[in-house]
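The Mg(2+) binding site feature in TrEMBL is assigned to Glu161, Ile433. Residues or ranges marked as domain 'NADH:ubiquinone oxidoreductase 30kDa subunit' by TrEMBL: 36-79. Summarising the annotation, TrEMBL assigns domain 'NADH-quinone oxidoreductase subunit D' to 248-395, 405-472.
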Amino acid sequence: MRFAYVWLPDAAAPELRYVVNRSPCEPPETWRCAPRDGKAPSLTPLAPLLSWYEREIADLSGIVFEGHPQPVPLLLLPGAQVDASLQQVAPRPPAPEAPRGDPLPYHLPSVAGPDFGDVQRLPFGPIRADVVESAQFVFLYTGEAILHYHPQLFFKHRGMERRFEGKPPALGVILAERVSGVGSLAHALAYCQAIEAAAGCAIPPRAAMARVILAELERLYNHLHFLGQLCHTTTLKVGEAEGKYLEERVKQINARLTGNRFLRNVLAPGGLRTDLQLNGLAPALAAIRAEFAGYARMLESSTPHLDRLITTGVLSEQVARDQGATGPVERASGSARDLRRDLPYAGYAGLPIDVAQRTAGDAHARQQVRIAEIEASFTLIGLAIEAMPAGETRTACRVDAGAEGLGWAESPRGALYYAVHADAEGRLARVKIKSPSFSNWRAFPFTVHDSNMMDYAINEASFGSTMAGCDR
């Protein structure tokens, strides 16, 4: 099971859509289910990763999932209510308000007993520090020991999926690029491939290989930023400076290559907006790769840094799979899933994909996976440059009335999906975004329960999830 969403065809009853992979290397299937009287059986007891999807659907559509183990709002903050005109089935009652003067979620568990001593409750956020994205984390703790942890996200929910509605498919890529700034290229890529699937068009080989180069450049600067930020949490200042310095150099390459540091305004349904001029790209990346090799050796030999990472935030393979973890987080816990290899897109089918994998499931394993992926990205870009064919970079791509399509990409944070539906005029009627951060935030609390306060910031940084990608 990958994700779920609700789709309301014109003049028809709402449909629940479940996107499923029977095996990692088989194309996804879409299962349909029609709610009865606004109700549907919850599948969360069978597939725990569906918990947040069902709660999101309930918040925004009014569908009730019978038998859900946690039937409380996910997106709606205490006292909030969705405009009834926006809900597809039945308006949901407002979320119960928290007691006056108490902003905490109303469904927190009680922690009491002689073994726990004096349990304290700490609501941290939503404004936390400097430019960190908004979220509230509630800790139930005693001393340094965290007994229970509850993340309250979605303070920055922008209704991005609804903003697509009524737009022509060619314009939707502009919105996709702005769902999450550091994932602009991956979002645009998954969206374009969903539109191309709906239109039944194949992009030119040159555009397909260029998309590989762009996607790996995005992976490079994201992983380098991750390493620098992880060093920040362990107070390895030299490592932080070096990681962010290398990140900046990759972003400057992005700007020279595409005109945008975040690789925006390059992709379009059917291929590329403009061709890439690759002169000088290979030597520029070779220089960064040489410096990165020394940086990686330093990170893997710094004892104080490693002491803070090893055994911190352990996520078992079983929990990672059950809760839907994805990307480097999942691969650090023993899984070897990677859409670039399992369901190849763009030009990846013709390239060797070396999937980095570790089994410890801790913060150190997540660092190791990203270091290995940086090396692999340098190699993939070099191979893509060598294999770059001549020819056109864009083909016509028209979406017919009522068409629908599914697109995906292995973003720096994991599996990213877009499902698109067209209306009777070929415009966008529904766009569903399955973001990797939404999946990984679902799994993250399982690494915080029964941990300690001193390691929390390191653990959160080791996941590398974003609020923008999660909240949408």
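The backbone N, Cα and C atoms fix where each Cβ goes, and this holds for glycine too.
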- What DSSP reports for the domain 'NADH-quinone oxidoreductase subunit D' (248-395) is 81 helix, 5 strand, 62 coil
- Query: Going by DSSP, how much of the domain 'NADH-quinone oxidoreductase subunit D' (405-472) is helix, how much is strand and how much is coil, in residues?
  - Reply: 28 helix, 24 strand, 16 coil
- Would you mind listing, in sequence order, the residues at least six apart from Ile433 (Mg(2+) binding site) in the same chain with a Cβ closer than 8 Å to its Cβ? Met160, Glu161, Val179, His187, Leu416, Tyr417, Tyr418, Arg472
- DSSP tally for the domain 'NADH:ubiquinone oxidoreductase 30kDa subunit' (36-79), helix/strand/coil in that order, comes to 14 helix, 7 strand, 23 coil
- When you measure from the Cβ of Glu161 (Mg(2+) binding site), how many other Cβ atoms are you left with inside 10 Å? 19
